[in-house]
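Student: First the structure, which I've put down as structure tokens, then a few questions once you've had a look.
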Amino acid sequence: MIEILHEYWKPLLWTDGYRFTGVAITLWLLILSVVIGGVLALFLAIGRVSSNKYIQFPIWLFTYIFRGTPLYVQLLVFYSGMYTLEIVKGTEFLNAFFRSGLNCTVLALTLNTCAYTTEIFAGAIRSVPHGEIEAARAYGFSTFKMYRCIILPSALRIALPAYSNEVILMLHSTALAFTATVPDLLKIARDINAATYQPFTAFGIAAVLYLIISYVLISLFRRAEKRWLQHVKPSSTH
């Protein structure tokens, strides 16, 4: 194990000398997909709870498709399937975009987490106490101001525990990136195994690194929950 760590610590953590690899790419995939997917989900969640069926139905269909199919299949569709379409091959931008395994992986991860996060945020919006909404209306808040000042802040606090689980699941999902030849942590572990024939050591090191990242993320979310959810915890009685 010491020999493997000594020889492969750089590609495991951040670079093989030519490109970013390992933990660096895994974190990059996670951050991009969670940030872009989270921002999109915030707007889609508002539409998801809309009473207008022409707004609500397309969003429901989107979340149904991406939550109802495996992420692995979605990645294969984007990476292997899209490039076979004539419209993709005939359009310069689409041709360049879907030829990149990294682009396809980010797209699949982003849309997948966006679908799940949309439902998390929509459920949180529905859980905002009705009294808060009525009070905002009584003060003459516009719909935009009511969402900005009352509904979304409350909904995001409510959604935080479930959303933290989604982020951890997305970290685990980045391990599928090797399918699109992206040199993430698992891809480097597979390469180490192929070079050394020591699968227990190669994948064991990867597992430890995933655990460390998970621990850091869980700790950050626990700090956030203590800060923003302290007021909703029941007070202790003696």
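One-based numbering along the chain as shown.
Heads up, the Cβ atoms here are built off N, Cα and C, so glycines get one too.
Quantities reported herein were computed from a predicted structural model and do not represent experimental measurements.
Features from Swiss-Prot:
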DOMAIN    23-221  domain 'ABC transmembrane type-1'
TOPO_DOM  1-26  topological domain 'Periplasmic'
TOPO_DOM  48-58  topological domain 'Cytoplasmic'
TOPO_DOM  80-104  topological domain 'Periplasmic'
TOPO_DOM  126-157  topological domain 'Cytoplasmic'
TOPO_DOM  179-199  topological domain 'Periplasmic'
TOPO_DOM  221-238  topological domain 'Cytoplasmic'
TRANSMEM  27-47  transmembrane segment
TRANSMEM  59-79  transmembrane segment
TRANSMEM  105-125  transmembrane segment
TRANSMEM  158-178  transmembrane segment
TRANSMEM  200-220  transmembrane segment
Student: Counting only residues 6 or more past its boundaries, what in the same chain has a CB within less than 8 Å of a CB in the transmembrane segment (105-125)?
Tutor: 29, 32-34, 36-38, 40-42, 44-46, 48-49, 59, 62-63, 65-67, 71, 74-75, 77-79, 151-152, 154-156, 158-159, 162-163, 166, 169-170, 173-174, 176-177, 180, 182
Student: Tally the residues of the topological domain 'Periplasmic' (1-26) by DSSP class, grouping H, G and I as helix, E and B as strand, and everything else as coil.
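Tutor: Each residue of the topological domain 'Periplasmic' (1-26) counted once, the result is 17 helix, 2 strand, 7 coil.
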Student: Using DSSP, what is the helix/strand/coil residue split across the topological domain 'Periplasmic' (179-199)?
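Tutor: Reading the DSSP string over the topological domain 'Periplasmic' (179-199) gives 15 helix, 1 strand, 5 coil.
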Student: Please give the sequence-distant neighbours of the topological domain 'Periplasmic' (179-199): residues at least 6 beyond its ends with Cβ less than 8 Å from one of its Cβ atoms.
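Tutor: The answer is 4, 8, 11-12, 16, 19-23, 25-26, 29, 72, 75-76, 79, 101-102, 104-105, 205-206, 209-210.
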Student: Give the residue counts of the topological domain 'Cytoplasmic' (48-58) per reduced DSSP state, in the order helix, strand, coil.
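Tutor: So the topological domain 'Cytoplasmic' (48-58) is made up of 7 helix, 0 strand, 4 coil.
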